[in-house]
Each structure stands twice: as structure tokens, then as C-alpha cells.
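According to TrEMBL, the features are:
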{"type": "TRANSMEM", "residues": "12-35", "note": "transmembrane segment"}
{"type": "TRANSMEM", "residues": "47-65", "note": "transmembrane segment"}
{"type": "TRANSMEM", "residues": "77-103", "note": "transmembrane segment"}
{"type": "TRANSMEM", "residues": "115-136", "note": "transmembrane segment"}
{"type": "TRANSMEM", "residues": "156-178", "note": "transmembrane segment"}
{"type": "TRANSMEM", "residues": "190-209", "note": "transmembrane segment"}
{"type": "TRANSMEM", "residues": "237-263", "note": "transmembrane segment"}
{"type": "TRANSMEM", "residues": "275-292", "note": "transmembrane segment"}
{"type": "TRANSMEM", "residues": "304-323", "note": "transmembrane segment"}
{"type": "TRANSMEM", "residues": "330-352", "note": "transmembrane segment"}
{"type": "TRANSMEM", "residues": "408-428", "note": "transmembrane segment"}
Amino acid sequence: MAEAQPLGRWPVLSYGVGHMLNDITSACWFTYLLLFLQQIGLAPRAAAVVMLSGQVADGLMTILAGEMIDRFGRFKLWHIGGSVLVGFSFSSVFGGCLLCTILGTDSYLVRTVGYSFFAAVFNVGWAATQVSHMSMVNCMTLNPTSRVALASCRNASTMVANLGLYGIALGVFGAIKAKEYSDIVTQYRWIAYLSIFIGCCFLVVFHAGTKEPTLKSEPSCKKAARISWGYWFKKTLYYQVALLYMLARLITNVSQSLIAFYVTRDLRMNEYSKAIIPAIIFCCSFFVSIVLQEIKWTSRRLKSLLTVGATLWVISGVAVFVLPSQMNSLMYPLAMVIGAANALVMVTTIGLEGALVGEDLNGCAFVYGSLSFLDKISCGIALFALESYEDTMVSYGETRGLNTVSRYGTGLIPSCFAVLSLVVTSTLRLQDDTPRAAALDAPLLV
């Protein structure tokens with residue numbers, strides 16, 4: 001079949017940069033949102049409410065977007081619509097309290113509600129863009145190696161976006177010193193505006209170089225009708241992949257959300273470290289992702305590399321949890337290990353999503369949407385629980401030693417999620433004896 005031929009480099013690369021706006025804003029969102037909100041005066045629990053409102057909106061939108069895309073298609077239309085919402089709302093969160101300006105008041109309640117509203121709008125747009133972009137993979141080609149190539153290139157672009165964000169942040173933090181409230185707002189406003197500009201440049205490349213997928217509409221692939229939700233719920237592999245994807249996102253997002261607190265408060269590193277350490281993590285992730293693009297993939301190799309990534313996270317997470325501030329220089333090599341582990345975990349779990357969907361193209365958006373729903377809701381609840389615990393600790397003056405939320409969230413808790421990933425991975429039963437799976441022996445990018 002012509003559709004089973006591997007994709008060339010240009011279609012893979014142009015697709016891979018299509019999520020850059022989402023990625024660069026997401027990097028800022030998970031790394032700096034909680035820190036930003038608390039720096040401008042919100043309590044940890046109120047900041048967590050803002051984060052949770054966005055995660056809930058994101059989770060619900062993934063289900064809606066998945067269902068609508070499965071029904072009507074139009075991947076690129078959903079993509080551009082979501083991107084517009086992302087750009088507008090992101091600048092409204094980090095650019096200051098727009099609702100406060102409209103109502104002419106700066107009360108604590110109005111600030112909390114205002115930031116929560118635009119957090120929800122941001123995540124609605126983010127989800128629409130994410131689901132449409134991820135769903136395109138299985139409808140662009142039937143070749144399994146090319147599908148993993150698309151996922152791997154997308155992940156590598158995510159690393160570039162994150163590195164770009166931390167480069168921007170490092171420059172802004174160096175150019176604008178945060179001496180008072182207005183300086184903090186100015187710092188993050190410039191970070192937001194520059195991030196949106198860069199993301200939109202790559203958005204143009206994506207829409208210029210990627211055609212609307214037509215594979216889904218082919219008679220040979222469409223089969224008879226849209227696949228119902230119940231079809232997936234009868235598959236054991238669906239639950240395994242869903243749990244692995246959720247755990248992978250919990251590992252990366254929870255640790256990323258609290259690492260700025262960890263390096264500045266627990267390790268007592270300088271202010272630049274809140275950009276440098278995350279940059280090292282994503283730099284290593286980027287290089288590992290590049291290596292993964294040139295691997296000849298089999299289902300066994302997907303499973304093996306996922307096991308390696310989770311094991312690295314167990315080791316590095318425990319090390320992060322017990323690391324004393326006097327030895328904070330060890331955070332640099334630990335950040336390198338975490339970056340490699342993140343890439344291994346994310347590329348392989350996204351590859352497993354493609355293996356789950358297979359040739360069942362008329363239900364692919366629901367798969368990606370439902371798995372993202374679990375990811376968003378679980379991350380929101382986890383961060384809300386951690387920040388609520390921090391509120392309690394601050395109220396009773398219990399912040400001491402290893403008993404800090406940032407140590408738990410950056411080290412110990414992701415390690416526990418990684419242990420669960422190892423357990424679930426051991427139950428996977430993937431087949432490589434079909435002609436479709438045998439195509440995984442082809443070069444990843446050709």
C-alpha cells in the first residue's frame with residue numbers, strides 16, 4: 001500500500017514543529033505559573049486553584065475535541081482555532097490581571113477569579129491544539145516507523161521549545177531585576193510575549209508544510225463507521241497505555257512545576273538556577289530524543305526503553321529528594337539524568353499510543369483525547385494536593401529538612417510514579433509477528 005511507505009524528512013519535520021506554540025507556553029506554564037502567582041501575592045492554595053481550573057478545563061476539552069474531530073475531521077482548523085485561544089489567554093495570565101483592569105479593582109478574590117478564568121481559556125485552546133496535532137499522526141501514514149518518527153520529532157521539538165523558553169527566561173531575569181511587584185509582572189510579561197511570537201513563527205511553518213490528512217477518508221481505511229468508545233474500553237492494552245501515559249505526564253509535569261521552588265528554596269541556588277537547571281534537563285532530553293529518532297523500533301524495544309527511563313527516574317528522584325543544599329552542585333549531573341529519563345519515558349509512551357490505535361483511524365482522536373483527559377485531571381489534582389499541603393505546613397511553621405513540598409514533588413513523588421510505571425510495563429504483551437509490526441525494522445527517518 002502506498003500509504004504504508006515511510007514519510008520523508010520534510011513532512012516529519014514540518015509536523016514536528018506544529019506543537020511549538022503549545023510547548024513553549026506549556027513550559028512556562030508548568031515551570032513558572034505557581035512561582036509567578038505566589039510572587040505577586042497569591043497563597044499557595046489559591047495559586048493551585050488557578051492551576052487546577054486550567055487542568056480541569058483542559059481535561060474536559062480533550063474529550064470534546066477528540067469526539068468532534070472523530071466525527072468531523074478538520075484537524076488543521078481545530079489546530080489554528082486552539083492556537084488563537086492559547087496566544088490570547090496566555091498573554092492575559094502572565095501579562096497581568098486583565099479582569100482587574102476591566103473591573104477597576106485589584107482585590108484578592110478578583111485576581112484569583114481572573115487568573116482562573118484565563119487559565120481555563122488557555123487550557124481549552126491548548127487541548128484543542130494538542131488533540132488535533134496528536135491525532136494527525138495515525139492519519140498521515142500507516143507506516144509504524146514513520147508514526148514513531150512523527151512522535152519522536154514532536155518530542156524533540158518540545159525540547160527545543162523548552163530550551164527556547166528557558167533561554168528567554170534567563171535573558172529576561174538577567175535584564176530585569178525583580179525589586180518590586182511591577183518588576184515581577186514586567187519580567188513575566190516579556191517572557192510571555194516573546195514565547196508567543198516564537199511559537200507563532202513555527203505555527204506558520206507547520207501550516208505551510210503539513211497537508212490536511214486524507215488517509216482517514218480513504219475507503220480502504222475508513223472501514224464502515226466511526227469506532228465507538230466501547231471498542232476501546234474492551235481492550236486491555238487501552239488501560240495499560242492510558243495508565244502509562246498518565247504516569248509519564250505526572251512524572252514530568254509535577255517535577256517541572258516545582259523544580260524552580262526546589263533549586264531556589266531547598267538547594268539555595270541563585271536566581272539564574274530556576275532557568276539553568278530546567279534548561280539542562282530539556283537539553284539532555286533533546287539529545288536523547290534525537291538519538292531515539294535513529295533507532296530501529298520494535299515493540300520489545302519500546303518496552304525495554306520505557307523500563308530504562310522509569311528506572312533512571314526512580315534513582316534520580318530519590319537522589320533529588322535527599323540531596324542537601326551543601327552539595328547543590330550535584331544537581332547539574334542529576335538534571336542530565338532526569339532529562340534523559342524524561343525523553344525515554346515520553347517518546348516510548350507516545351509510541352505506545354500509536355501502537356494502540358494501529359489502523360483504527362476513526363477512533364484515534366478519542367484515544368488521544370481520553371488519555372490526555374486522564375493526564376490533565378491527575379496533574380491538576382496532584383499539584384493542588386501538594387500546594388494545599390504547603391499551605392498547611394506554612395500555617396504551622398513545619399517547613400524543615402526534607403519535609404518540603406518541593407522536595408516531595410521534584411524527587412520522591414515522581415519516583416513513586418516511576419515505580420508504578422515499571423509495574424505496568426511488566427504486564428505489557430506486545431506482538432511483533434504481524435506484517436504491520438515488522439515494518440518497525442525500517443529506518444526511523446528516511
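Glycine residues also receive a Cβ, built from the backbone N, Cα and C atoms like all the rest.
Residues of the same chain lying 6 or more positions beyond the ends of the transmembrane segment (115-136) and with a Cβ under 8 Å from any Cβ of it are 15, 18-19, 21-22, 25-26, 29, 33, 37, 42, 49-51, 53-59, 61-62, 65-66, 69, 75-76, 78-79, 81-86, 88-90, 92-93, 97-99, 154, 210, 213, 350, 353, 364-365, 368-369, 372, 376. Tallying C-beta pairs under 8 angstroms between the transmembrane segment (408-428) and each of 12-35, 156-178, 190-209, 237-263, 330-352 places 237-263 first.
Distant neighbours of the transmembrane segment (304-323): 244, 251, 255, 262, 267, 292, 330-331, 334, 337-338, 340-345, 347-349, 352, 402, 407-408, 410-415, 417-419, 421-422, 425-426; these residues of the same chain sit at least 6 beyond its ends, with a Cβ under 8 Å from one of its Cβ atoms.
Residues 29, 33-34, 37-38, 78, 82, 112, 115-117, 119-124, 126-128, 130-132, 257, 365, 368-370, 372-377, 379-381, 383-384, 386-388 of the same chain, all 6+ positions outside the transmembrane segment (47-65), place their C-beta atoms under 8 angstroms from a C-beta of that stretch.
When Cβ-Cβ distances under 8 Å to the transmembrane segment (156-178) are tallied for each of 12-35, 77-103, 190-209, 237-263, 330-352, the top count falls to 12-35.
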